[in-house]
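> Copied straight from TrEMBL:
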{"type": "BINDING", "residues": "Lys38", "note": "ATP binding site"}
{"type": "DOMAIN", "residues": "10-266", "note": "domain 'Protein kinase'"}
Amino acid sequence: MGKHRRLGEYRLLAEIGRGSTAVVHLALDPVGREVALKELDAEFAAEPEARGRLAREMAAQARVTNHAPSPYVTRLLDGRLDGDHPYIVTQYAPGVPLGDLVDAYGPPRAERLLRVARGMALGLASIHDAGVVHRDVSPGNVIVLGDRPMLVDFGIALPADAEQITRRGMVIGTPAYLAPELIEGGKATPAADVYAWAATLAQAATGRPPFGRGSLHGVCYRILRGQADLGGAAEPLAPLLRRALDRDPGRRPSARWLAGALADWAGTAERPRIPLAARAA
């Protein structure tokens, strides 16, 4: 135990993730609870831009945690942005990334997939209720434990009303799950998260990315053309995926509506309040 590095009150146990400017550690808090601690790499810790990104991530996740906490979204627990080692601490999500689960075992059984789909929709609804857009819903950012998914990684999340610098061809997020309006330089909205929800679940349902593999250009071309491959996605999920992948963001249902539409199929009592064929508010 003495060999483990400490950062503030936290004992760092193991590296569990790494991005371009930061590393995520499995850590123990002062009472022995496992947490996820994201620390800026030493070479970026002094850069104002990297610190600013970490501050925005912390602010977005704090907004969700304080306004609309959900069992399907990791909570912000702590953070320190000053000093030589800026970091944020979030709830640790044990489990397996949805993408790894599908790669290793194939598409989940139908009932489990519907529960995962509904949990993801409920998590997104809580994020949107807090006025935040996640911007990177993808199989790698959904951790699954049993039938319960958790949305993680607010690294590029923003308040829905924040100014966004965009231009056509700028890729922010995981390309295979980007809504077409983002590829065209549009602003990220909750509807773009709903599109990514559907693209992620299409891959979970079929075992393959809905817009294929290969070059970024080819994937983006198929997204812009609306050429989603949903072959093998079963009822009742398939029609919901088609609606959520609508080329027009204004025609996509909300995450809250999708959660209601999936309620009966996922074994819960809540039901959608409008017919499936009707346009969601």
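Glycine is treated like the rest: Cβ placed from N, Cα and C.
Context for these features, please: burial, neighbours, distances.
Residues near Lys38 (ATP binding site) in space but far in sequence (CB under 8 A, at least 6 apart, same chain), listed by position: Ala22, Val23, Val24, His25, Leu54, Glu57, Tyr87, Ile88, Val89, Thr90. In the three-state DSSP scheme, Lys38 (ATP binding site) falls into the strand class.
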> Just to confirm my parser: what is the rounded mean pLDDT across the domain 'Protein kinase' (10-266)?
93
